[in-house]
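Q: Pulled the feature table from Swiss-Prot, pasting it below:
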REPEAT    63-93  repeat 'WD 1'
REPEAT    105-135  repeat 'WD 2'
REPEAT    154-185  repeat 'WD 3'
REPEAT    202-233  repeat 'WD 4'
REPEAT    246-276  repeat 'WD 5'
REPEAT    293-323  repeat 'WD 6'
REPEAT    339-369  repeat 'WD 7'
Amino acid sequence: MSVKELKERHMAATQTVNDLREKLKQKRLQLLDTDVSGYARSQGKTPVIFGPTDLVCCRILQGHTGKVYSLDWTPEKNRIVSASQDGRLIVWNALTSQKTHAIKLPCAWVMTCAFSPSGQSVACGGLDSVCSIFNLNSPIDKDGNHPVSRMLSGHKGYVSSCQYVPDEDTHVITSSGDQTCVLWDITTGLRTSVFGGEFQSGHTADVQSVSISSSNPRLFVSGSCDSTARLWDTRVASRAQRTFYGHEGDVNTVKFFPDGNRFGTGSDDGTCRLFDIRTGHQLQVYYQPHGDGDIPHVTSMAFSISGRLLFVGYSNGDCYVWDTLLAKVVLNLGAVQNSHEGRISCLGLSADGSALCTGSWDTNLKIWAFGGHRSVI
């Protein structure tokens with residue numbers, strides 16, 4: 001068989017797969033007689049209402065000299081680590097706004113950072129294709145820099161996201177531009193499992209984000225530039241447990257819902273979507289039309305402790321607070337006093353749900369606290 005014939009057969013097979021996928025999508029839509037917001041309205045649910053003092057900017061963390069790309073909270077809620085275009089990780093005291101650590105990175109092109117569950121170490125990765133681990137208790141060297149305690153090398157593309165396995169300081173999961181995710185043993189520095197790559201059920205484009213289930217740490221979700229999200233079990237690296245379709249652009253961010261049975265995705269297509277890992281169904285779409293026709297990309301997301309609220313950062317500087325039940329925007333932090341002056345690149349909620357931190361290309365991080373009659377939702 002000639003190369004031309006092989007290409008033609010491959011194209012025909014690809015078209016058949018796409019046609020079947022579209023038929024499956026339409027059949028699911030026929031069987032799905034309602035979505036989350038439709039059911040909530042039928043039950044008389046009303047939107048969450050925010051007053052002017054219910055979520056206010058209480059801290060501005062200034063110290064980076066470049067765009068802020070990533071942030072993460074410690075489990076005890078008092079500290080934040082941020083990664084910036086200036087080639088530094090900064091650990092902040094969220095209560096006082098003071099910097100407790102400023103780590104100059106071997107590679108300035110950092111894209112992601114994460115706190116360990118104990119809060120004793122931080123991980124980061126970027127265009128050097130390495131996930132670097134720093135022990136915050138290690139003494140600094142003669143030049144005043146924190147030494148790298150472990151370098152996790154093996155990816156063949158940039159490291160786009162990293163997250164420690166809950167309740168473990170010894171394992172971290174990374175996603176990469178090489179279309180794979182990797183589970184690492186930090187103690188040995190070796191790869192425990194590789195998800196994707198040569199396996200056909202893996203992603204077919206750069207993987208942008210991972211989220212590990214807090215209720216079942218063996219499960220994690222990945223989002224990719226192939227417009228899909230995939231559910232993985234760390235015990236079965238050879239295949240994805242389920243693939244979730246629906247987006248029409250790169251999936252930039254994924255986040256598990258608090259109950260561990262659902263997860264959210266955010267995409268370049270301007271939408272966030274809520275999926276059920278048990279049925280594979282899309283439960284809800286969160287999209288706010290813009291009159292100018294411009295569609296801002298979704299860059300980051302986080303659920304409130306109860307899951308009733310969804311915080312979403314956008315490329316145009318908006319930061320919407322969505323009511324997840326009714327799919328309504330109840331607040332836009334990009335339109336209030338002290339809002340960011342650039343793209344919202346990252347955000348995260350404190351462990352107790354009492355504060356939200358946002359990071360931006362304006363080089364600043366801002367901490368937003370629930371006030372008024374709300375303490376957490």
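Heads up, residue numbers simply count up from 1 along the chain you see.
Positions of Cβ are set from backbone N, Cα and C atoms, glycine also.
Map these features onto the structure and tell me what's around them.
A: Residues of the same chain lying 6 or more positions beyond the ends of the repeat 'WD 1' (63-93) and with a Cβ under 8 Å from any Cβ of it are 99-105, 107-115, 117-119, 122, 124, 126, 134, 136, 342-343, 345-352, 354-355, 357, 359-361, 363-365, 367.
Cβ atoms under 8 Å from those of the repeat 'WD 2' (105-135) belong to residues 69-76, 79, 81-89, 91, 146-153, 155-164, 166-169, 172, 174, 176, 178, 184, 186 of the same chain, restricted to positions at least 6 beyond its ends.
For the repeat 'WD 3' (154-185), the list of distant contacts is 111-118, 120-121, 123-131, 133, 191-197, 202-212, 214, 217, 220, 222, 224, 232, 234, 237: same-chain residues at least six beyond its ends, Cβ to Cβ under 8 Å.
Here the repeat 'WD 4' (202-233) returns a mean pLDDT of 97 for the predicted model.
Nonlocal intrachain contacts for the repeat 'WD 5' (246-276), taken as residues 6+ away from its ends with a CB within less than 8 angstroms of a stretch CB, comprise 25, 36, 205-206, 208-216, 219, 221-225, 227-229, 282-287, 295-303, 305-307, 310, 312, 322, 324.
Non-local neighbours of the repeat 'WD 6' (293-323) in the same chain are 47-48, 50, 55, 249, 252-253, 255-259, 264, 266-272, 286, 329-335, 339-349, 352-353, 356, 358, 360, 376-377; each lies 6+ residues outside the stretch with a CB under 8 Å from one of its CB atoms.
Within its own chain, the repeat 'WD 7' (339-369) has Cβ neighbours under 8 Å at 55-62, 64-77, 80, 82, 84, 92, 94, 299-306, 311, 313-319, 333, 375-377, counting only residues six or more beyond its boundaries.
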Q: Per DSSP, how many helix, strand and coil residues does the repeat 'WD 5' (246-276) have?
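A: Counting residues by DSSP class gives 0 helix, 17 strand, 14 coil.
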